Structure formats: structure tokens, C-alpha cells
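Below: the structure, in C-alpha cells.
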């Protein structure tokens, strides 16, 4: 579903304390933004913001950053914060293909990919967030034992991703082809999209992958 254009969205974002207007300033120094040395977890694509907000509330000892390209999407997500300054949560409007401009080498402990665009046409494979070029970027910004957690409702994207992880020497675990019927469901935080589609009987696929520093 296409999100309608919201006039003035970029200006409106600056009214929210969780939005970071100058993210490049913090590259290598996100600890200054959060005021601590806690691990950093990044969600690429934030949807309506439920997932990242819930994690921030449950884990005050972890810093969370949502990276999203479209201002309208970020605005909808930050509105969940109701203008509150949540100390361990930040939203950034930026292109995820340029993560190395936002983060220094090995600055992130975990990356979340939730229901990313599957780009089903073969000629668009390079745009998939689990394509090898993206995985190499993740490896660069993740710590040595950093993790990538992926969820999708698209079986073809999931199988493609598993193959990419294997080819790029990511170590996989907790692979499930039906998340909500697995033991992993108990600790699962659902996105709005996930809740809607799983309620219709759609299976959710999930995997955790750890990078090996080359």
C-alpha cells in the first residue's frame, strides 16, 4: 500500500524529541546522543512504529534507532511517542543503503529487517535488503558477534535470504517457516503489518543470522 504524501512532514518531524535531524553528526558517537555506552539495535524500515517503540519500552538498557527513508512513514511512527522524550529511542530519516554514512565500523549490535519490500522481479534482486551488497554493509557496521533478525511473510524472499546468508558466511539459527506456531512466538513483538496478515492465516517466516567478520 502506498502512503499518501503529507505536506510539511519533514518540518513536522523536528517537533518530536525522538527524531534526529542531524544523524550524520553522530556517526561513531551515538553514545553521545543517548548519553551511555549501551548496545545499539537498528530497525531498517519502521512501519507505524509499534515494534521499535515496544522494544524501547521493554529494554531500557538497549538503545534503539529506526532508519526509514520516507518522511511520511517516520512521522507516523514518531507520533506514537506523543512528543515524549524516550531516552533510548531515536528515529532517523535516511537511506538504509547508506548505513556506513550513519554508523562507524562495528558500532551496531543488532539489525532488524521486518517485512521488507520483497522486490519480486529478478531484475530488482539487488534492491532486496538481504542482497549480498546489503549484507556486506551490515557486516561493516555490526560488531564482531552482531546479529541480523529478519521477519517476512514472503516465502520467496525468505528462501532467497537464507541462500544469501549462507553464501556470505552468515551463521543462521532459530529458522522458522511458521513463527506464530513455533517456540519463538512467546517472545515475538509483532508489527502492525504482521498482526494484520497473521490474523488472516498468513505464515510468518523468521531467521536470526550472525555475521562473521571477514
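Just so you know, the numbers here start at 1 and follow the chain as drawn.
Cβ coordinates are placed from backbone N, Cα and C, and glycine is handled just like the others.
Copied over from Swiss-Prot, here are the features:
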ACT_SITE  117  active site
BINDING   43, 68, 95, 117  S-adenosyl-L-methionine binding site
BINDING   121, 153, 191, 192, 193, 194  substrate binding site
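Each residue contributes its Cα atom, and for residue 68 (S-adenosyl-L-methionine binding site) and the residue listed as 'active site' those atoms are 13 Å apart. Between the two most distant C-alpha atoms of the annotated substrate binders (121, 153, 191, 192, 193, 194) there are 26 Å. Under DSSP, residue 117 (active site) is assigned to coil, being neither helix nor strand in the three-state scheme. Cα of residue 95 (S-adenosyl-L-methionine binding site) to Cα of residue 121 (substrate binding site): a span of 21 Å. Close to residue 121 (substrate binding site) in the fold, though at least 6 residues off in sequence, lies no residue with a CB less than 8 Å from its CB.
Shown in sequence order, 51, 52, 64, 65, 66, 67, 111, 112, 114 are the residues of the chain, 6+ apart in sequence, with a C-beta less than 8 angstroms from the C-beta of residue 43 (S-adenosyl-L-methionine binding site).
Cβ contacts within 10 Å of residue 192 (substrate binding site), excluding its own Cβ and spanning all protein chains shown: 13. Straight-line distance linking the Cα atoms of residue 194 (substrate binding site) and residue 117 (active site), rounded to a whole number, equals 14 Å.
Of all Cβ atoms in the shown protein chains, 13 besides its own fall within 10 Å of the Cβ of residue 117 (active site). Calculated from their C-alpha atoms, the gap between residue 191 (substrate binding site) and residue 117 (active site) amounts to 15 Å. Cβ environment of residue 153 (substrate binding site): 115, 193, 194, 197, 198, 202, 203, 204, 205 lie under 8 Å away, each six or more residues apart in the same chain.
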